[in-house]
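Trainee: Have a look at this one before I ask anything.
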Amino acid sequence: MRIEVLAGPWLGRLSLSALPTDSPVAAGAALVAVLGALGVAGYITAKGRWGYLWREWFTSVDHKRIGIMYVVLALVMLARAVIEALVMRLQQADAINQSGFISAEHFGQLFSTHGSIMIFFMAMPFLTGVINYVMPLQIGARDVSFPVLNSISLMLTAAGAALVMISLVLAPFSTGGWSGYAPFTELRFSPGVGVDYWIWAVTLSSIGSTLTGINFAVTIYKKRAPGMHLFRMPLFCWTALCTSILMIFAMPALTVATALLALDRYLGMHFFTSGGGGNMMVYANLFWLFGHPEVYIVVLPSFGVFSELFSTFSAKKLYGYTSLVLATMTIAVLSFTVWLHHFFTMGQSAHINAAFGIATMLIGIPTGVKVYDWILTMFRGRVRFTTPLLWGLAFLVTFVIGGLSGILLAIPPVDFLVHNTTFLVAHFHNMLIPGTLFGMIAAYQFWFPKAFGFRLEERWGRVAFGCWVTGFYLAFMPLYVLGLEGMPRRSAEVFDEAFRPWLLLAAGGAVLIVLGMAALVLQLAMSIRHRDRNRVTVGDPWDGRSLEWSTSSPPPEYNFAEVPEVEGRDAFWTMKRSGRAYPALDRYAPILLPENSAIGPWLGVLGLATAFGLVWRIGWMAGLGTAGALFAVIGWSFVRRSGRTVGERQVERTETRWHAALVAAVPVSREHECDPRNRGLADVAA
Amino acid sequence: MSVGSTTGKRRHPGLNLHESDAHPSDGEVMFGFWVFMMSDAVLFALLFAVYASLGVNTAGGPGPHDVFELGPAAMETLLLLLSSFTFGIASLAMKYRRGMALLQGMLALTLLLGLGFLGLEVHDFATLQGKGALPQVSAFLSAFYALVPTHFLHVSLGCVWIVVMMVQLRMSGLDRTTRTRLLRLGLFWHFLDIVWVMIFSFVFLRGML
Ligand SMILES: [Cu+2]
């Protein structure tokens, strides 16, 4: 019986041997991470911007700023995870009947961090950021229901991401994959700190996500503008609501799974061990009870984004609004009934497999409804092929292919044939890349002008799109073939010469995807440089339909000088058509906003300290972190906050400036929305 | 819906404040707490499920019959039920404005009962250790030690919250913040009572039968 206690020397198990000196690739990555962090910190110090960042961003509780910080975090983590994917593809293409350029151990860490980052620190922050920015504006609210809680959620997620970044330097990370399957992740088989990194990083982010789900759900129920009935909400808000509900009910399963695994590892308990009566199937059930709804947590917001895109860029109302809402809710409910398809091959009876196989296939029905609704939204519309819409079209085609391979996998006998092969890798990347990533990138392209007041360069956006989509097909279609030919997933070496051409093709695809990433960075850089010619201060560059487009770009911190009255779906569109958009108020009222708060960043730091202490068995650090967090929350509850009032004079000044820009702007028809003439005032007659 | 008619004072559904002019954001805070508790209830439900599936795996170690004692568990149930009752009186004292003394007194009594519950449980855990029933012995005991101490931890946090609440009531009396906080604390406390009753029936009673 082995019991790990939090004792030992001052630094627990931490010593210089934690530095990844044995592998040149890992050491290089660590060096890049350290230099990058130092570079950013140095730049901020040189510019003297720490105070500004602290006051205006880190302690901000404005949902728009929090949303932007979430997206920045997601993009940074995306860059790391994409590069890791490239390294893995190159390794497999290289390691045919030879060991390749990285060790099996390192390869295990790569697919574990890649998966964990993509789900917990790329997809989740990205969609949380987009919802944070857009949803309150769309429902006509001034903020989310619990702005400080929002900041706390962000900082906990950031702390989890920081822990994963630290594991790059103070290695190693887990080799147990993003799902951390026991008993492999038990102490007996993974004695190092890697799994502990995974456990605490995931736990921090899942607490953040649970709180986020609560916050969004309450916001949508309670903070809608007058007249914004549930069935008048933009579809994006519906998907945000369903995602939030999934977060509230699914995240606890992950928390329980990681907590019990931690009890096994730290206190020698027997939940998932092979001895002592433990049962690893309990882990599999708990994990996928979270894991399958998680798939829809990350996909549904994209469905919402695409719904907005297709109707905006087709200048038509969304086809089948009610059916889309019902399909979204159906998917949310069904997502809880299928988790067992993740272990068809683990020994349950054929009856159970059949039941869960059928349940899985049922999800295809509401998803199919959505696809037809989107197609019919474009049908006979005046479709404009802007960059965001291109991503939408790529999504439609690619997602259907992925869905069909999913129907195959939902047939248990087929699953027996291809499980644990690259067919699976191909399938879930085929769902999640178009279904989540394309949606989030499209959201970024679509709402960027809203958030920053200027459009992104269209040309570089198209280059990025071309690289990503071609790269995607090259990188993942070969994996279907390889899977059918029996190539196992997660293997550092390959032993069949016949796989070589397919692996080279896949590696080429990965290179293209990295180029796509680079193009996105270039697009951002070029857009910032040429921001003056792309200004859309008036706020409505795409002839938008929902309320977020009715404000200036970027919107004032209070969102709306006067909370709008809503009379139907497509609220802003109808206002424009009936000449009631941009009402000039003759009197402005002061607006009460929440004050900035340092509790969020503090809890982030204390959470990170606790997690780091737990990983390296540094008892005092973990103890101080936990106690500090408890006292911080108690102390914070004693602070009486009255909020901060934006006076009517200031509101008037801001609004007057915007209305002046509004009067000066020339309305631009849809044919010219991508050229410098577009200042964000749509020509309604066109 | 948060914004109803703006004329006249309105009663807020779900807010037991006996006030017709509850602020709209009070309802928002209460609703948020309800949602949080749903999430917490899922957490407990999963721990129950783990106990249900692993509770039979004693791995040659002691089983429920060997380690559980109904007497202390029944006593703990009684204490917690009583504490819910005293908290109920505290809530009524707030609602009908029966003075701070009664309110604080009832909160203090609730705290004492809660602490008594915690003390008895610590004693229980010690007895189990004495019998060699450590969490490392078997999956059954691991599952037991995951479920019951999680509830223990919740009650401990509840006790800390009561102390904080009593201090804040002293400092600022019954204003909007303390009122809704007291309501939320009440929800939390009764919720823990319900979870305990389930633990008592599902773990102790069923284990002894
Ligand atoms: Cu699934």
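Cβ atoms here come from the backbone N, Cα and C positions, even for glycine.
What you are looking at is a predicted structure, and each value in this text was computed from that prediction instead of being measured.
Annotated domain 'Cytochrome oxidase subunit I profile' per TrEMBL: A:48-567, in sequence order. Annotation source TrEMBL lists transmembrane segment at A:25-46, A:67-90, A:110-134, A:146-171, A:197-221, A:233-262, A:282-306, A:318-344, A:350-369, A:431-448, A:502-525, A:597-616 (among others).
A description of the local structural setting of each listed feature is requested, covering burial, neighbours and distances.
Mentor: Taken together, the residues in the domain 'Cytochrome oxidase subunit I profile' (A:48-567) have a mean pLDDT of 96 on the 0 to 100 scale.
Nonlocal intrachain contacts for the transmembrane segment (A:25-46), taken as residues 6+ away from its ends with a CB within less than 8 angstroms of a stretch CB, comprise 19, 53, 87, 101-102, 106, 165, 168-169, 171.
Same-chain neighbours of the transmembrane segment (A:233-262): 127, 131, 134-135, 138-139, 180, 182, 185-186, 195-196, 199, 202-203, 206-207, 209-210, 212-217, 220, 224, 269, 271-272, 282-283, 286-287, 289-291, 293-294, 296-297, 300-305, 307-308, 318, 321, 324-325, 328-329, 331-332, 335-336, 545-546, 569, 614, counting only residues six or more beyond its ends whose CB sits under 8 Å from a CB of the stretch.
With a cut-off of 8 Å between Cβ atoms, the residues of this chain six or more beyond the transmembrane segment (A:318-344) that come close are 231, 235, 238-239, 242-243, 245-246, 249-250, 281, 284-285, 288-289, 291-293, 295-296, 300, 303, 307, 310-311, 352-353, 356-357, 359-360, 362-363, 365-367, 369-370, 372-374, 376-377, 379, 409-410, 412, 415-416, 419, 569.
Beyond the transmembrane segment (A:431-448), the same-chain residues lying 6 or more positions past its ends with a Cβ under 8 Å from any Cβ of the stretch are 71, 74, 78, 118, 122-123, 126-127, 130, 133-134, 295, 298-299, 301-303, 305-306, 308-309, 312, 387-388, 391-392, 394-395, 398-399, 402-403, 406, 455-456, 461, 464, 468, 472, 476, 520, 542, 548.
With a threshold of 8 Å between CB atoms, the same-chain residues lying at least 6 positions outside the transmembrane segment (A:502-525) that come near it are 78-79, 82-83, 85-86, 89-90, 92-93, 96, 441, 456-457, 460-461, 463-468, 470-476, 478-479, 481-482, 494.
Through the fold, the transmembrane segment (A:597-616) approaches residues 6, 11-14, 54, 58-59, 61, 148, 151-152, 154-156, 158-160, 162-163, 166, 170, 193, 196-197, 200-201, 203-204, 262, 266, 622-626, 628-629, 632-633, 636, 641 of its own chain, all at least 6 residues removed from its boundaries and within a Cβ separation under 8 Å.
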